[in-house]
Amino acid sequence: MSEPSGNPQYPEKAEKAVSRDSSPVNYEAETAGLPVERKLKRQLKNRHVAMISIGGVIGTGLFLGTANSLRSGGPVGLLLGYTAVGTICYSVMISLGEMIAYLPIPGGHIKLAERFVSPAFSFAMGWNYWYNWTIFLPAELSAAAVLIDYWEKGRINDALWISICLVVVVVINLLGAGVYGECEFIFASIKVITITGLIILGIVLDLGGGPNHDRIGFRYWKHPGPFVQFNGIGGAKGRFLGWWSVMTQAAFSFIGTEIVAIAAGEAKNPRRNLPKAIRRVYIRILLFYIGGTIIIGWLVPSNDPRLNLNSGNAASSPFVIAISNAGIKGLPSVINAALLTSAWSAASSDLFTSSRALYGLALSGNAPKFFARVSKSGLPYTSVFFCASFSALAYMGVSSGSGKVFNWFANMTSVAGLMTWFGICFTYLRFYSGLKAQGIARNTLPYYTNLQPFAAYWGLVWCLFICFFSGWKVFLKGQWATDTFVTNYLPLVGFPILYGGARWYYKSPLVRAQDMDFVSGIAEIEADNVDEEPPTTWMGKFWAWLM
């Protein structure tokens, strides 16, 4: 068996694909007869990559989304739902990690789909992914404005806060991947410190260490009970529907963990740093999500009337409700500030991810070539500006009428995110078949696990299953809502339509396993490896140990 990096099967293809995958041309120079190759520069350090992967796990879904989940499923339903979705997320991430650690190319899983599935599948994945993160950007800006309104109480129009947040997000992205990575490191650090502090505080409060010295224990698991009878439906059916509602909400909370693949094209020493980030995903899922949901189920009863997301700010967070019940003042504002940094971080990541997705589409020939233009500093500026222009949709949320339309766009991103996970798992199964057909041992890859290909099948089936039943609530008696039905199922139908249209246009079948290209770009990736200086400060050493 030969090692992947030494496979001589496609020498000519490899030479061509290096420039195709990672060396877009300066088109102005080319027009003048002076072709100048420019590409994305690897500016993201190990700690940046690690924090980007963490930032994808911790978000408003944990701080706020768990409110609806607890109200719908109860403490045990909440825990089981998030645990089940955690296994799906982990399956997707180890599938993605094995491919992206071996081929950390610009465009991430979009370009991988072109190599190991087909150009048509890459087209469908790419535009689905671009839509997902382009619409998430204005949604996060609107969320940031609502969070600020927690303090301002409507005294200043939300459009001002949207504008301020938008300018900051665009500037961060225009300053390049290095600045984005540094900002994300700071934002994610705040989220890690916040959720860690809340989990510790939750344990103290549960054991009676709060100002009221009320020892809660498992009180709320007994009354109102471990499960909730969803919508008043009795028996096992009602409890099952309560748990399933948690599953669908939790799946949407985990979307975003895969952005580390998009960052791979700009990561330093990707074959060493990416496996480290992927290996520790399960720790973050267990510590933050599973640990957080256990604490929430201990501290807040599922029938608490404050468990609703109508306000959209810290007031509806289960953590804030628990703190208020314990008689602690001042912390809700601290948590709201953490939520604000979370929304700001997410908006910055949305613009980074959507612009790199568009850049990857342009490299594949699935978007106009000018979106592949790169500045001397390695910034895909045309893609950044184009994606940033869609952030103006955030202003639709200021008025009630257009806000409803905007919410329809935002609702569709959830299913689109799950379809991305489906595409990643399917691409991995093709990747796995190619390795096997060409006699490449998986234990020679920079990262691999013994759970494959079963983990990929697990993620693929469950992603489709959750998407198919994502709009199940509209089928309950008296609950029909046309807009909910359409926004849940349009992305599910849209993905095969995109694939079918591209398949007809490209007229290209699936890439055969024996013809898959495992060589192109490897030499350049290995040449980009540099020795990073070991940390000298105590803080640097701490982060190196943690990551």
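Placed from the backbone N, Cα and C atoms, the Cβ positions cover glycine too.
Features as listed in TrEMBL:
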type	residues	note
DOMAIN	48-509	domain 'Amino acid permease/ SLC12A'
REGION	1-24	region 'Disordered'
TRANSMEM	48-67	transmembrane segment
TRANSMEM	79-105	transmembrane segment
TRANSMEM	135-152	transmembrane segment
TRANSMEM	159-179	transmembrane segment
TRANSMEM	185-205	transmembrane segment
TRANSMEM	281-300	transmembrane segment
TRANSMEM	378-398	transmembrane segment
TRANSMEM	405-429	transmembrane segment
TRANSMEM	455-476	transmembrane segment
TRANSMEM	488-506	transmembrane segment
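Counting same-chain residues at least six beyond the ends of the transmembrane segment (185-205), those with a Cβ under 8 angstroms from any Cβ of the stretch are 47-48, 51-52, 54-55, 58-59, 62-63, 216, 287-288, 291-292, 295-296, 298-299, 319, 322-323, 326, 334-335, 338, 341-342, 344-345, 348. Below 8 angstroms of C-beta separation, residues 53-54, 57-58, 62, 66, 69-70, 74-76, 78-79, 82-83, 86, 89-90, 93-94, 97, 195, 198-199, 202-203, 205-206, 216-218, 220-221, 253-254, 257, 307, 318-319, 321-322, 325 of the same chain, each at least six residues beyond the ends of the transmembrane segment (281-300), sit close to that stretch. When each of 79-105, 135-152, 405-429, 488-506 is scored by its Cβ pairs under 8 Å to the transmembrane segment (455-476), the top-ranked stretch turns out to be 405-429.
Listed by sequence, the residues of this chain that lie at least six past the ends of the transmembrane segment (79-105) yet keep a Cβ under 8 A from its Cβ atoms are 4, 21-22, 66, 69, 73, 111-112, 115-116, 243-244, 246-247, 249-251, 253-254, 257-258, 260-261, 264-265, 267, 270-271, 274-275, 277-279, 281-282, 285-286, 289-290, 293-294, 297, 421, 424-425, 427-428, 431, 442, 445-449, 451-452, 455-456, 458-459, 462-463, 518, 521-522, 525. Remote same-chain residues near the transmembrane segment (405-429) are listed as 88, 91-92, 95-96, 98-99, 109, 112-113, 116-117, 121, 124-125, 128-129, 131-132, 135-136, 138-139, 142, 251-252, 255-256, 258, 261, 393-394, 396-397, 452-453, 456-457, 459-460, 463-464, 466-467, 470, 483-484, 486-492, 495 (criterion: CB distance under 8 Å, separation of at least six residues from the stretch ends).
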